[in-house]
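> Per Swiss-Prot, the feature ATP binding site maps to GLY119, THR120, ASN121, GLY122, LYS123, THR124, THR125.
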Amino acid sequence: MKKITTYQNKKVLVLGLAKSGVSAAKLLHELGALVTVNDAKQFDQNPDAQDLLTLGIRVVTGGHPIELLDEEFELIVKNPGIPYTNPLVAEALTRKIPIITEVELAGQIAECPIVGITGTNGKTTTTTMIGLLLNADRTAGEARLAGNIGFPASTVAQEATAKDNLVMELSSFQLMGIETFHPQIAVITNIFEAHLDYHGSRKEYVAAKWAIQKNMTAEDTLILNWNQVELQTLAKTTAANVLPFSTKEAVEGAYLLDGKLYFNEEYIMPADELGIPGSHNIENALAAICVAKLKNVSNAQIRQTLTNFSGVPHRTQFVGEVQQRRFYNDSKATNILATEMALSGFDNQKLLLLAGGLDRGNSFDELVPALLGLKAIVLFGETKEKLAEAAKKANIETILFAENVQTAVTIAFDYSEKDDTILLSPACASWDQYPNFEVRGEAFMQAVQQLKESEM
């Protein structure tokens, strides 16, 4: 990593003891900062707190007392999940204390080129594709995944060498806290309305996403989804070289034409060879192809890698086949748009959808067009009655109810026939029955595994 002196003897407050906060605290301590870590949980609820104390890092737990700011911190490194409306954070802004996120630290110490990926949907899948592509055809160095994908960016940046590529998934929450962060390649998969409770308005949300390119120059490349007019308009305001991708037209970049994927008129592969279904995954693949071509990955390696890629866990992930029924886990679909995208990749006449979850107060009328023609729908959770109303509007004849995901799998399997597909894509958050979407997805996969074992 780069040896920087920026933080020597500087008083820094790290807010939040999640993985990224612990990583940031340790890095700042190593760089000579006087670090205090603050977390809302009690000390005994933070497994890393004792380790930080042992290093000589001060730890304050059990709340975010505003009085902490009286200690005249020169910088705050904020966990992305802590909103700017938090009283301590709001007061820090009033006092004009600089606030950054951990990805800014990673960018400051990284020796290697950075590939940054953001967007409303498809970030994790695209980031994973890019990592696999860059590692498939390299002469030196390694593509190292980091950021919102689950690996603290500041830890990975310390480990990466100058020959590597730091491939970072970046959320809008993380991008709100960057100042000098400078990717050499940046990808925006798409922008839809999301996280307005955090950002306050769509304008602020878009601004956070667009911040990924604010330090880029004409020597850098910004890869944009040309299907979206909004991104075409924003493209006129960046200093970076713009490389588009599109499923609607041939562009000077990556595109879909007559069922085939191209890059600048160069044939890459048939779209139907992609290992994961859905029009949204064609977009993700095109974005990844752009990065791969910039990094000189061969067409043969691109085709082989994307054909073999079976998806990221809980994101239209192929789980297996039981008695000629195919099962897909899309538990990450925690909103209507994500489920619409998942459904676009399947033949509804042979599809049984498993959906439902936390009731956030919205109706599901906008999901109706995507539900048309479904063979059956199995509903669970707080929203099952609302989803049933949407299913009726879509003229779905078979509407079934289940207690939870596990029983939904059994009910769907019993109703299905050979060559059918059973898809978990809930269109809702999981918190009414499961602690997170991962646990919900694991429950689905375990139920499928039990079906497999029962036929042995």
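Backbone N, Cα and C define each Cβ position, glycine as well.
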> Quick one: what's DSSP say for THR124 (ATP binding site), helix, strand or coil?
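In three-state terms, THR124 (ATP binding site) counts as helix.
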> Other than GLY119, THR120, ASN121, GLY122, LYS123, THR124, THR125, which residues of the same chain sit close to ATP? List them in sequence order, counting a residue when its Cβ is within 8 Å of the Cβ centroid of the site.
ILE117, THR126, THR189, ASN190, ASN284
> With the cut-off set at 10 Å between Cβ atoms, which of these binding-site residues ends up with the most neighbours? Options: THR120, ASN121, THR124, THR125.
THR125
> Which ones in the same chain are close to GLY122 (ATP binding site), with CB under 8 Å and 6+ residues apart in sequence?
THR189, ASN190, HIS280, ASN281, GLU283, ASN284, ALA287
> What does DSSP assign GLY119 (ATP binding site), in three states?
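DSSP assigns GLY119 (ATP binding site) to coil.
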> By Cβ count within 10 Å, point out the most packed of the binding-site residues listed: GLY119, LYS123.
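That would be GLY119, with the most Cβ atoms nearby.
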